[in-house]
Amino acid sequence: MKRYAFNELTVFQYIFLIHGAQVGIGVLSMPRELAEVAGTDGWISIILGWALAVIASLLIISIMKRYPDKTINDLLTLFFGKWLGKACIVLIALYCAVAAVTVITHTAAIINSWILSRTPGYVVTIFLAIPCYMIIQGGLRVLGRYAELIFYMTLWMPVVLMTAMPHTKWLYLLPIVKEGLGPIVTGTKSTILSFLGFELAFFLYPFLQRKQYASLGIIVANTLSMLIFLHITLFSYTFFSPDEITQYTWPTLNLWKVIEYRFLERMDIIFLAFYLFYLSTTSFPYLYFTVFSTSQMMGTVDHRKHLAIFLLLIVLALWLYTPNFIDLKKLTELWSFGGIVFGYALPALAVVPIWLLRRPSEERKA
């Protein structure tokens, strides 16, 4: 019997879990960050970042194919032994925890800045933690269904954004590669955080029902994310002037402020309300795999107690201290560094040794 059969994922749930984990806080600030480094050629950096993410994703899948019924935590224990393996699992749990905390604190900060300016951050976090617990306690299959539902619920966003087309000036993009290839390559680093999420395939692969579609599914997930990043970035570059876009913290939200209808104003608030669902599809998987890892270390199957404790710790931390934008930037940089190690360096360094190692079954046959 499969160890993870109860929480098996369909191919679509697998795709939307990875895609949802990628399209998070990066979308709001990516146009500005790329413009500061690469100017209006930043959209080319997105394509380069997508290529790197796809390569790293395929390396992860090639590793997991060797041990299709094991997660990264199982592999660490298998290769490094009980105690050293658990030490590595602690590092992975910390990485997932940092990612989850980063997204949650950014979500609370965005809500405080744009909607509930007089509400304390910890109160906002309490209201975020309630649905968070209700969904994550149901397990990975529920998370997959939730990610798929949110994707369909937010399909209207790119269509509505197209109504801003008359206000755009595509001449802002010319000339292409005006500063050379150097800034474009440098700007690729800014896309690394936004494409993070594919590394969750280390956990998701053994849960996937039809594993023959794992490679195709992760390419589709990365491509969906790239199309959204390109859509937002190109519209931001052609709506704001090259100098103006760097003045906004979250240019994506400012872009939505110009969209109005006779029967509806402040579309940015409507967008933000729905975008909170997208932010949840980023934080929920990282929260789940944080408590999934800690539960495995403790030898327990039920992760709900760990989840409740972790959420309470986040609320308590925000009650004791409200992070400012400098703190949020440091958290983001820490997550980005961990993502480079876990998502890019680890697959690149591990793929050859793991493929050179024979499976136990192959050794017995020999």
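Quick reminder: no glycine exception, Cβ is built from N, Cα and C everywhere.
Summarising the annotation, TrEMBL assigns transmembrane segment to 12-30, 42-63, 83-116, 122-143, 150-172, 192-208, 215-240, 269-294, 306-322, 334-357.
Counting C-beta pairs under 8 angstroms (sequence separation of 6 or more), the transmembrane segment (12-30) reaches the transmembrane segment (269-294) with 3 or more such pairs. Counted over residue pairs 6 or more apart, the CB atoms of the transmembrane segment (122-143) and the transmembrane segment (334-357) come under 8 Å in fewer than three pairs, which marks the two as apart. Contacts between the transmembrane segment (215-240) and the transmembrane segment (150-172): present, as 3 or more C-beta pairs lie under 8 angstroms, all at sequence separation of six or more. Two recorded stretches are said to be in contact when at least 3 C-beta pairs lie under 8 angstroms, sequence spacing 6 or more; the transmembrane segment (192-208) and the transmembrane segment (150-172) fall short of this definition. When Cβ-Cβ distances below 8 Å are used as the criterion, the transmembrane segment (42-63) is approached by residues 30-31, 34-35, 173, 176-177, 184-185, 187-188, 190-192, 194-195, 198-199, 201-202, 205, 214-215, 218-219, 222-223, 225-226, 229-230, 233-234, 237, 343-344, 347-348, 350-351, 354-355 of the same chain, each at least six residues removed from its ends. Most Cβ pairs within less than 8 Å of the transmembrane segment (83-116), among stretches 150-172, 269-294, 306-322, 334-357, belong to 269-294. Remote same-chain residues near the transmembrane segment (306-322) are listed as 97, 101, 104-105, 108, 120-122, 125-126, 129, 132-133, 136-137, 287-288, 290-291, 294-295, 298, 300 (criterion: CB distance under 8 Å, separation of at least six residues from the stretch ends).
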